[in-house]
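Novice: Quick paste from TrEMBL:
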REGION    1-49  region 'Disordered'
COMPBIAS  1-42  compositional bias 'Basic and acidic residues'
DNA_BIND  43-112  DNA-binding region
DOMAIN    43-112  domain 'HMG box'
REGION    61-90  region 'Disordered'
COMPBIAS  78-90  compositional bias 'Basic and acidic residues'
REGION    111-152  region 'Disordered'
COMPBIAS  136-152  compositional bias 'Acidic residues'
Amino acid sequence: MKRGKSKADAPKKADGRLSVKKGPERTGKKPRKTKADKDPNKPKRPPSAFFVFMEEFRKSFKEKNPNNKSVSVVGKAAGDKWKSMSEAEKAPYVAKAAKFKTEYTKKLAAYNKNQSGGGSHDADEEDESDKSSSEVNDDDEEGSGEEEEDDE
């Protein structure tokens, strides 16, 4: 029984070109997100207990090994020392880190408050600076009884 060749039976040829969708055909993908600009006034995150330890360890390691130029060697040595330390030895670093964290939370709360609700305070200062010096002085002398009423 002879049967005719169908498209499914035909050997598939590999297309040498990669199919790249361009233009409106690419609408299925989400647009790339760009990074938001960093605010230079935002407080920096506090260091962890390990990084507080690292500051001190770097100084002592540099004194013992003045010829060492490799950052990775210092980091590995500090990590090994940190792992071998007991909780009691780590306690002062943990306490310093906690202190830095509380300061950071206060600064961050003040920063967030200024970002969200700080506009009214700034507007008051701008209103005062828009007045001429004579008007500002008149506001200060209101209690003296020498007010000028030009409105009427």
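Any Cβ shown, glycine's included, is placed from N, Cα and C.
Automated prediction, rather than curation, is the source of TrEMBL annotations.
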Novice: Could you give the number of helix, strand and coil residues in the domain 'HMG box' (43-112) as assigned by DSSP?
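Specialist: Across the domain 'HMG box' (43-112), DSSP assigns the residues as follows: 56 helix, 0 strand, 14 coil.
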Novice: Note the mean pLDDT of the domain 'HMG box' (43-112), expressed as a whole number.
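Specialist: That region's mean pLDDT is 94.
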